[in-house]
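**Q** Please read through the structure below; I'll follow up with questions.
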Amino acid sequence: MTGTRKPARGRRTALLAAGALITGALGAGGMMQGTAVAAPVCTVDYQVANDWGNGFTASVTVTNNAASAVSNWKVEWDYAGNQQAGSGWNATLSQSGAHVTATAPTWSSTLSSGGSANFGFNGTYSGSNPVPDTFTLNGTTCNVDGGDPGDPDDPDDPDDPGDPGDPGDPGDRVDNPYEGAQLYVNPDWSEQAAESGGAAIADEPTAVWLDRISAIESGSAGENTMGLRDHLDTALEQGADALQMVTYNLPGRDCSALASQGELGPDEIDRYKNEFIDPIAEIVGDPKYADLRIINIVEIDSLPNLITNVGSRETATENCDEMLANGNYVEGVGYALATLGQFDNVYNYIDIGHHGWLGWDNNFTPTAELLYEAANTAGATVNDVAGFAANVANYGALVEPYFNIGDSVNGTSVRQSDWVDWNRYVDEQSYAQAFREEAVRVGFNSDVGVIIDTSRNGWGGPDRPSGPAAKTDVNSYVEGSRIDGRIHTGNWCNQAGAGLGERPQASPASGIDAYAWIKPPGESDGASEDIQNDEGKRADEMCDPSYEGNVRNGNSPSGALPDAPVSGHWFQAQFEELLRNAYPPID
Ligand code: BGC
């Protein structure tokens, strides 16, 4: 999100022949596009991030456009409906009649000139839930961001994503590459999904994983017969505006687990550069792809491991210690950012794990700082970074609709429950938004955005709660309210009970560039037994349902489905589980 982001659009456009066009969620009403306004002193972007009929989650970003800082900031508005704001995060909410006041948290009470603050809350309502149209910052009326959806049927609207010529001039870097873009649908995945009972979702865009050197070349990557050039050419044939890919082949990959260990040994940084990143750059740099936005998700689960699984921590592993000591994760990520970031049409997003990994204070800021270091290594700069990717191949709930981090039971914070265990976040969206702010604070550009992988975090199905549990004690409240059905937030392998999550969409909430399906649903996270493969992948106990766990998952059972193939290979039983438990359900 940024002040310069194009306004979110107010309608969905039908699927196009071979690709899926995704458009933004309904933005807040307000200023008409193109209307001249005197320089505003503040802007408020109020987004309904989730709405379940009688309740909602709102995310509000206030920006101070005045020349001086505002101390003890306070945002106010009136509801037109009967909405009732509950407790929030990153601000204290109070409501009297229809009038709501959000006051700054004590730890961040000053809004610098040009600075923004983001806060959120869950609310309830009956009837309708209109977005307020007037906001004030310390008494002064603000401009409303989020855009007027305008007339969705106006064919002359230049921002209409369906118009020819949109999205923008070829090759221009835009703030959010998802906005108004028709995304590439990977036929390899799509055909597999369709013939496996998933015809209803087979047209969704998923990411292309470059998970080994041979995956770059056509036909040489085992089951995955299309190489990078084939994908890019097919994207052009589809008339797609953007393609999502994952670069995933660091030396010593997957240092805290075994399931996705890769082909390059810990010291093979030169091969990573010369045989992996350089050839990718040669292909994506071909001028014939210059009009295609290439959304590149960089090295999943790498840098966070250097914070949480090293040194004197109980969770340390030898492999992660080695990767910290030899510097090859940081060097490799920097090199990928710099080399691919030289092209205007490439948008690099660095992996930020997920809330159940980095949401604790001792992990959160150090990770942001390490990412900043990587973004200044091997020739990279922050201008090579479009943003961050959260929850990739993980299962964290997007939004926990029935409880939030500000809740307490008989005076005990939910942070003290066994499930939350002092984490600062209970879901991916609040985590991603907060991480974005932190990243900007440590030095990333203010227009960075976050992609949240919603491919497998739907948590529908019969066990999904339909409302908050009684506030008897903090554990029963959290247990009965949470939709995330895992045994522990550290569980990551082929989770039983998981469902497909939100369908891919652009600009769904403040600071979030997209909900996207990065992990292709149906592809395994790993196997519990050694299965012959030439990809470096090994048996991982976290994929064994009878495993009792380790310190990284609170010594809990793994929660995995049985009998999985190696990571990345098709796992039919899991795919069926994801379809069954999809949320939103599949119509
Ligand atoms: C695997 C990759 C695979 C990706 C997408 C990862 O866990 O290690 O080989 O491409 O998942 O399924």
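If you go along the chain as it appears here, the first residue is 1 and each next one adds 1.
Using the three backbone atoms N, Cα and C, a Cβ is placed for every residue, glycine included.
Keep in mind the model is a prediction, meaning the values are calculated, not measured.
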**Q** Need one residue: from Asn309, Asn394, Asn445, Asn457, the one TrEMBL lists with Trp209, Asp211, His354, Trp357, Trp492, Lys519, Glu523 for substrate.
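**A** My reading of TrEMBL gives Asn394 as the candidate in that site.
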**Q** For a quick check of packing: other C-beta atoms within 10 Å of the C-beta of Asp254 (active site), how many?
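**A** So the Cβ neighbour count for Asp254 (active site) comes to 24.
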**Q** Can you name the far-off residues of the same chain, 6+ from the ends of the region 'Disordered' (456-475), with a Cβ under 8 Å from a Cβ of it?
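**A** Contacts with the region 'Disordered' (456-475): 391, 393-398, 402-403, 408-410, 412-414, 416-419, 428, 481-485, 495, 497-502, 519, 521, 578, 580-585.
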